[in-house]
Amino acid sequence: MDSFKPYLAKVATGAALTREEARTAFDHLLSGEVTHAQAGAFLMALRVRGEAADEIVGAAGALRERMVRVAAPPGAIDIVGTGGDHSGSYNVSTLAAIITASCGVPVAKHGNRAASSRSGAADVLAALGVRLGLDPEALAQCLAQAGLCFMFAQTHHASMRHVAPVRVELGTRTLFNVLGPLCNPAGVSGQLFGVYAASLAEPLTRVLADLGSTRVWTVHGSDGLDEITTTGPTAVVALEDGAIRRFTIDPRELGLALAAPEDLRGADPEHNAAALRAVLDGARTPYRDIAVLNAAAALVVAGAAANLGEGVARAAQAVDSGAARATLDRLVAVSNA
């Protein structure tokens, strides 16, 4: 495509695109007007140089313009990760989302099938009985009645099908690995956002601020997890009241025992679904601890807990009282209605 060639030529020299140039270039990519060779060369040129913040904002703008939107109540948040950490861990953010919603914070969760593990959010939720691919009206009902919905990325970002074959052929991470988490169809302004590399935390937090988010914790575990981990400390870059601050979370300071990395490894969707149900039914496992800790952080991001200690207590109570299990049961029922 001739109109795409100037953008390809510019990134091939190592120069960065402006925000508007990036938006136009990605609009071409998402429209299916670009050949696989052009798309692959463009994405790898960005990857080798490293994507600039304005390029990410522009690309996200192009994807957001094409996405199928969902109406969400005020104060709704997302708990999401980039994936790609190659940990094979349990579905931590999914269980944390259920617990958070049971505490009264609406969670408009956005996700997909597995990226680097054997079970992504969509995979485990399907194994739990949640119906995927709902339309915006049905998702709004899930939020209203269960306090939680799952927006299947394939349904809301159909334009990404044009680059899917290229991403498979490249076989490596590209900017599209982080675009999905930046483009929540419900337009939430609060996120607990896990990244696969510590170097991404501050740039992506600033990108989310540019895109309209007001409260964000971007996290990266010392073990490489794109979650708040319980095997050691987690680095946090937080956006609060228009300012960026950095701090570290140590699970031991919150009364949680350190886990071994193998304690957090999941398996296939059915195995992970059974482990998730066991936690909601009262099992005291490392999976419970890491999910409670991440839910606690989500409660702080949402303004529903003053600090992590209060958040841990609220999240644990939601599990122990059966409220979290009831939230999952409602989500299954409403999504299948």
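Cβ atoms here come from the backbone N, Cα and C positions, even for glycine.
If you look up Swiss-Prot, you'll see Gly81, 84-85, Ser89, 91-94, 109-117, Ala121 marked as 5-phospho-alpha-D-ribose 1-diphosphate binding site, on the strength of sequence analysis. What Swiss-Prot records for Gly81, Asn112 is anthranilate 1 binding site. Here Swiss-Prot flags Ser93, Glu227 as Mg(2+) 1 binding site. Summarising the annotation, Swiss-Prot assigns anthranilate 2 binding site to Arg167 and lists sequence analysis as the type of evidence. Positions annotated as Mg(2+) 2 binding site by Swiss-Prot: Asp226, Glu227.
Recorded features from Swiss-Prot, shown on the structure.
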residue : record                                              : Cβ neighbours (10 Å)
Gly81   : 5-phospho-alpha-D-ribose 1-diphosphate binding site : 25
Ser89   : 5-phospho-alpha-D-ribose 1-diphosphate binding site : 27
Ser93   : 5-phospho-alpha-D-ribose 1-diphosphate binding site : 29
His110  : 5-phospho-alpha-D-ribose 1-diphosphate binding site : 27
Asn112  : anthranilate 1 binding site                         : 18
Arg113  : 5-phospho-alpha-D-ribose 1-diphosphate binding site : 18
Arg167  : anthranilate 2 binding site                         : 17
Asp226  : Mg(2+) 2 binding site                               : 28
Glu227  : Mg(2+) 1 binding site                               : 29
Rounded distance in angstrom between the Cα atoms of Asn112 (anthranilate 1 binding site) and Gly81 (5-phospho-alpha-D-ribose 1-diphosphate binding site): 11
DSSP three-state assignment for Ser93 (5-phospho-alpha-D-ribose 1-diphosphate binding site): helix
Alpha-carbon spacing, His110 (5-phospho-alpha-D-ribose 1-diphosphate binding site) to Glu227 (Mg(2+) 1 binding site), which is rounded to whole Å: 15
Binding-site residues clustered about Gly81 (5-phospho-alpha-D-ribose 1-diphosphate binding site) [Cα within 10 Å; pool: Arg167, Asp226, Glu227]: Asp226, Glu227
Whole-number Å value for how far Glu227 (Mg(2+) 1 binding site) lies from Ser93 (5-phospho-alpha-D-ribose 1-diphosphate binding site) (Cα to Cα): 7
C-alpha spacing of the residue listed as 'anthranilate 2 binding site' relative to Glu227 (Mg(2+) 1 binding site), in angstrom: 24
Residue pair Ser89 (5-phospho-alpha-D-ribose 1-diphosphate binding site), Arg167 (anthranilate 2 binding site) - Cα distance, angstrom, rounded: 23
Conformational class of His110 (5-phospho-alpha-D-ribose 1-diphosphate binding site) under the three-state DSSP mapping: strand
Separation of alpha carbons, Arg113 (5-phospho-alpha-D-ribose 1-diphosphate binding site) and Asp226 (Mg(2+) 2 binding site) (Å): 16
Three-state secondary structure, Glu227 (Mg(2+) 1 binding site) (per DSSP): coil
